[in-house]
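As structure tokens, the structure follows; a few thoughts come after it.
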Amino acid sequence: MAAYLLAVAILFCIQGWPSGTVQGQAMPFMEVFERSVCQTREMLVSILDEHPDEVAHLFRPSCVTVLRCGGCCTDESLMCTATGKRSVGREIMRVDPRKETSKIEVMQFTEHTECECRPRSGRVNSGKRKRNPEEGGAESQVPLGLTSF
């Protein structure tokens with residue numbers, strides 16, 4: 001990561017800012033880059049996605065903010081992954097439409113505390129050669145990620 005940032009800094013020292021760009025009208029490159037890296041960010045998550053067994057109730061609000069990992073890694077073979085987690089409580093109004101009652105209660109949600117770029121697991125296809133039975137057993141190369149059309 002440090003080597004990449006150094007290369008970018010050297011590139012800008014050699015080339016300067018892109019022509020036609022007035023600083024202040026566009027977000028500077030380093031700020032764009034820093035905001036895009038793999039890190040924890042405040043995200044909205046649906047309560048029902050986090051607690052799918054609670055479909056008999058309505059919740060207000062229907063989603064909550066928690067810190068989750070997100071952002072780009074320097075290589076497409078890597079994915080921004082949570083390496084640390086904790087449980088956090090959020091006050092929610094639970095509505096029971098059958099009984100026409102509601103109450104405020106604390107529900108627990110998983111929040112990410114640390115993130116890291118790690119190799120993607122479960123790749124669709126490893127790109128290994130496969131035998132093509134229609135061509136008399138000849139080997140054919142299957143591009144990565146392509147399994148059907």
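All residue numbers here begin at 1 and follow the chain in the order shown.
Every residue, even glycine, has its Cβ placed from backbone N, Cα and C.
What Swiss-Prot says about this one:
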type	residues	note
DISULFID	Cys38-Cys80	disulfide bond
DISULFID	Cys69-Cys115	disulfide bond
DISULFID	Cys73-Cys117	disulfide bond
MOD_RES	Gln25	pyrrolidone carboxylic acid
REGION	118-149	region 'Disordered'
SIGNAL	1-24	signal peptide
Spatial neighbours of Cys115 (disulfide bond) that are distant in sequence (at least 6 apart) but have CB under 8 A: Cys38, Gln39, Thr40, Cys69, Gly70, Gly71, Cys80, Thr81, Ala82, Thr83
DSSP state at Cys80 (disulfide bond), helix/strand/coil: strand
Cα-Cα distance linking Gln25 (pyrrolidone carboxylic acid) and Cys73 (disulfide bond), given in Å to the nearest integer: 27
Local backbone state of Cys115 (disulfide bond), from DSSP in three classes: strand
Inter-residue C-alpha distance, Cys117 (disulfide bond) and the residue listed as 'pyrrolidone carboxylic acid' (nearest angstrom): 31
Those residues of the chain, 6+ apart, with a Cβ under 8 Å from that of Gln25 (pyrrolidone carboxylic acid): none
